[in-house]
């Protein structure tokens with residue numbers, strides 16, 4: 001059934017240019033009378049879209065976590081060494097890292113709908129092929145794994161970047177709030193998928209979990225119904241990646257994304273052997289330690305997102321504090337040798353909770369901050385810019401995952417967990433110091449960027465003048 005939907009999305013700062021108006025999700029200016037800092041109420045379409053996006057994020061991340069309980073051991077049985085298994089996981093992040101900038105450039109031409117469908121439907125087929133690889137062994141098994149994860153890495157980038165660009169288009173003034181809400185469903189998907197994956201493997205064998213993962217990803221395709229189609233006949237120009245990376249504000253925020261995901265990925269290969277070796281706890285309790293940290297992150301994310309959208313001028317302070325507190329929390333995981341204590345298990349739990357909360361404070365506002373920095377630098381507020389920004393975000397996230405998981409194992413083996421975790425804390429501390437210096441210098445009037453927060457705010461306040469207010473735009477959506 002095809003229904004015409006009146007998309008009364010919130011207007012945000014847009015630069016006036018020919019063709020821009022037709023890209024907007026337009027409505028009469030209802031925000032002018034709102035008190036400063038107040039957000040307009042969500043429209044019915046935005047609420048419907050929030051449900052669809054939540055499902056897509058939950059299922060999209062669940063499909064990648066479903067293989068965690070059994071794949072390493074099953075790969076070893078089929079002739080893959082521990083090193084090869086590690087390379088397989090790292091290779092996935094590497095492909096996603098390499099493909100993110102290209103997909104970010106292409107999305108302005110293909111549109112988010114097409115990119116999302118490719119990521120979900122092609123990814124579904126790839127996961128089924130991954131299950132079929134279980135019927136091989138030795139070199140054919142390893143080769144097939146690398147082949148399917150090459151395609152899956154590209155599909156993941158397409159899936160993620162399309163969703164992020166959609167969030168920016170539908171919720172121009174609630175980006176942080178929506179991204180924070182999505183973290184709840186990302187956490188829910190990853191927490192539930194691991195035990196479900198183990199149960200599916202025990203009951204149905206190697207193929208069944210991958211079939212289920214493929215179906216979960218394929219079921220996300222209906223989300224295309226709420227993705228606004230491109231409304232202009234002429235192609236939107238691709239965003240300039242070269243210009244984007246020359247904006248100092250962009251590079252500082254990109255550093256936040258990299259540093260936070262670096263230390264988060266560091267825990268994957270290192271925390272479990274540290275806990276079982278030092279405290280001799282069961283695998284179940286190890287899972288609880290991970291769940292506590294992820295749960296704290298998921299529960300705190302909506303609050304930090306709402307706070308970042310409501311008090312925009314304090315967003316940079318929020319990110320900086322989040323990065324610095326993350327560094328402090330990591331020193332208690334080892335604990336750091338300079339504390340002179342052996343560490344207790346309760347300290348690990350507390351450190352995980354604090355890190356989860358601080359991580360969400362730092363990472364949730366970053367996407368909206370990238371958008372604001374690009375607008376302040378004079379980049380057009382259109383799909384081309386959304387695409388390259390989403391690509392940069394995905395690139396830095398996967399780079400952090402790749403280096404964190406790879407270097408973590410090496411550091412663990414060479415210098416032990418206490419010093420390894422302390423070195424990761426040092427990375428966050430360095431990033432936090434860079435942020436403090438950069439933002440303090442900017443505050444004192446040193447023009448290190450091509451724009452300023454004040455100029456960006458003025459752009460957003462006055463941009464309604466170039467948005468038509470006499471008519472609403474309608475899109476056809478399949479429901």
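Even glycines carry a Cβ here, placed using N, Cα and C.
As annotated by TrEMBL, compositional bias 'Polar residues' applies to 467-479.
Annotation source TrEMBL lists domain 'Major facilitator superfamily (MFS) profile' at 49-444. Averaged across the domain 'Major facilitator superfamily (MFS) profile' (49-444), pLDDT for the predicted model comes to 84.
Marked as region 'Disordered' by TrEMBL: 459-479.
With a cut-off of 8 Å between Cβ atoms, the residues of this chain six or more beyond the transmembrane segment (49-71) that come close are 42, 85, 120, 123, 127, 130, 156, 159-160, 163, 166-167, 170, 178, 181-182, 184-186, 188-190, 192-198, 200-201, 206, 209-210, 212-214, 216-217, 219-220, 222-223, 225-226. For 49-71 (among others), the entry in TrEMBL reads transmembrane segment.
The annotation transmembrane segment is assigned in TrEMBL to 83-102 (among others).
Among the features that TrEMBL reports, transmembrane segment is placed at 114-135 (among others).
TrEMBL lists 141-163 (among others) with the feature transmembrane segment. Counting same-chain residues at least six beyond the ends of the transmembrane segment (141-163), those with a Cβ under 8 angstroms from any Cβ of the stretch are 53, 56-57, 60, 64, 75, 78-80, 84, 88, 91-96, 98-100, 103-104, 107, 112-113, 115-116, 118-120, 122-123, 126-127, 129-130, 132-134, 217, 220, 223, 227, 387, 390-391, 394, 398.
The feature transmembrane segment is assigned by TrEMBL to 184-201 (among others).
Residues or ranges marked as transmembrane segment by TrEMBL: 207-232 (among others).
Sequence-remote contacts of a segment are chain residues at least 6 beyond its ends whose Cβ falls under 8 Å from one of its Cβ atoms, and for the transmembrane segment (244-267) they are 290, 293, 319, 322-323, 326, 330, 359, 362-363, 366, 369-370, 373-374, 376-377, 379, 388-389, 392-393, 396-397, 399-405, 407-408, 420-421, 424-425, 427-428, 430-431, 434-435, 438, 448-451. According to TrEMBL, the transmembrane segment annotation covers 244-267 (among others).
Per TrEMBL, the feature transmembrane segment maps to 287-307 (among others).
What TrEMBL lists as transmembrane segment is 319-342 (among others). Residues of the same chain lying 6 or more positions beyond the ends of the transmembrane segment (319-342) and with a Cβ under 8 Å from any Cβ of it are 253, 256, 259-260, 263, 271, 304, 348, 350-352, 354-355, 357-363, 365-366, 369, 417-422, 424-429, 431-432, 435-436, 439.
Under the heading transmembrane segment, TrEMBL lists 348-371 (among others). Listed as Cβ neighbours of the transmembrane segment (348-371) (distance under 8 Å, sequence separation of 6 or more from its ends, same chain) are residues 164, 167-168, 175-176, 179-180, 183, 249-250, 253-254, 256-257, 260-261, 264, 275, 279, 289-290, 292-298, 300-301, 304-305, 308-309, 315-316, 318-319, 321-323, 325-326, 328-330, 332-333, 381, 385-386, 389-390, 392-393.
Residues of the same chain lying 6 or more positions beyond the ends of the transmembrane segment (383-403) and with a Cβ under 8 Å from any Cβ of it are 23, 90, 93-94, 96-97, 100-108, 111-112, 157, 160-161, 164-165, 168-169, 230, 236-241, 244-245, 250, 254-255, 257-262, 264-265, 366-367, 370-371, 374. Taken from TrEMBL, the feature transmembrane segment applies to 383-403 (among others).
Feature annotation from TrEMBL assigns transmembrane segment to 423-441 (among others).
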Same-chain residue ranges lying at least 6 outside the transmembrane segment (423-441) that approach it to Cβ under 8 Å: 248, 252, 255-256, 259-260, 262-263, 266, 316, 319-320, 323-324, 326-328, 330-331, 336, 404, 408, 411, 415, 448
Other same-chain positions with a Cβ less than 8 Å from the transmembrane segment (83-102) and lying at least 6 residues past its termini are 71-72, 75-76, 142, 145-146, 149-150, 152-154, 156-158, 161, 241, 269, 388, 391-392, 394-395, 398-399, 401-402, 405-406, 409
